Amino acid sequence: MTDIAFLGLGNMGGPMAANLLKAGHRVNVFDLQPKAVLGLVEQGAQGADSALQCCEGAEVVISMLPAGQHVESLYLGDDGLLARVAGKPLLIDCSTIAPETARKVAEAAAAKGLTLLDAPVSGGVGGARAGTLSFIVGGPAEGFARARPVLENMGRNIFHAGDHGAGQVAKICNNMLLGILMAGTAEALALGVKNGLDPAVLSEVMKQSSGGNWALNLYNPWPGVMPQAPASNGYAGGFQVRLMNKDLGLALANAQAVQASTPLGALARNLFSLHAQADAEHEGLDFSSIQKLYRGKD
């Protein structure tokens, strides 16, 4: 049993904290939304009135926040956790942020004698609820070894990608490829249907041929082809368009910083941005709704 502080109880953080409780850990929780805290308290967590109070007595601190500026605000500055937290807890940030930001915060932690790992996740809300997330960890090997037993209570695949920031780099590479694959799959399906093909038949042909990919196997973007996919449920739930746009933006910013050529990543970002701008509701839909961009008005 480990004393854990969990900061950020949104769509991902809430279920992750719940799985730590199910595993028998003592979990203190904090979120800016009192309702989110109450939901975890009802499951056995101890609620806190501030991030600092949440971390009192913690052996491990886990944060899951929307963006880099929130991570910097939590950890850095005179009022940040690095300046005020007691003891030597292991710090694990599961937010998806720029690699440069992850390194900046980790270096500040090291200056205080603390270890902060970047550990972004893959698997979406469904994976968070089921405890089957993939964690992609950046940081020293000894920190990874300490974190692994805790992360295994929330995930199925735990990867050590390398030093500080490596987890974030691997995550944005994966999601850039995911965006490219989904856009390409939607484009191919739309072309086939315009020529009179049955999307289910075309999907099966491509699945069993050299065009086979994750989207065709598990997450078909055409409505009605795969009953359990978001596409067959009004594109509700899953990985939202706004989050795909955020991650593609992080990938392109990093590519510019390291002078890497990512023309397909840039095109995917443009396509998802165009999709988001087409209708105010699109940002909240699952990213496979990019199919709508290709279908037009049918």
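Positions of Cβ are set from backbone N, Cα and C atoms, glycine also.
What Swiss-Prot says about this one:
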- Lys171: active site (ACT_SITE)
- 2-30, 65-66, Thr96, Lys246: NAD(+) binding site (BINDING)
Neighbourhood of Pro66 (NAD(+) binding site), C-beta criterion under 8 angstroms, separation at least six:
Gly10, Ser95
Take the C-alpha atoms of Val27 (NAD(+) binding site) and Lys171 (active site) and report the distance between them in angstrom, rounded.
27
Per DSSP, Leu7 (NAD(+) binding site) is which: helix, strand or coil?
strand
Using only C-alpha positions, which one of Thr2, Leu7, Met12, Ala17, Lys22 is spatially nearest Lys171 (active site)? These are the binding-site residues in the record.
Met12
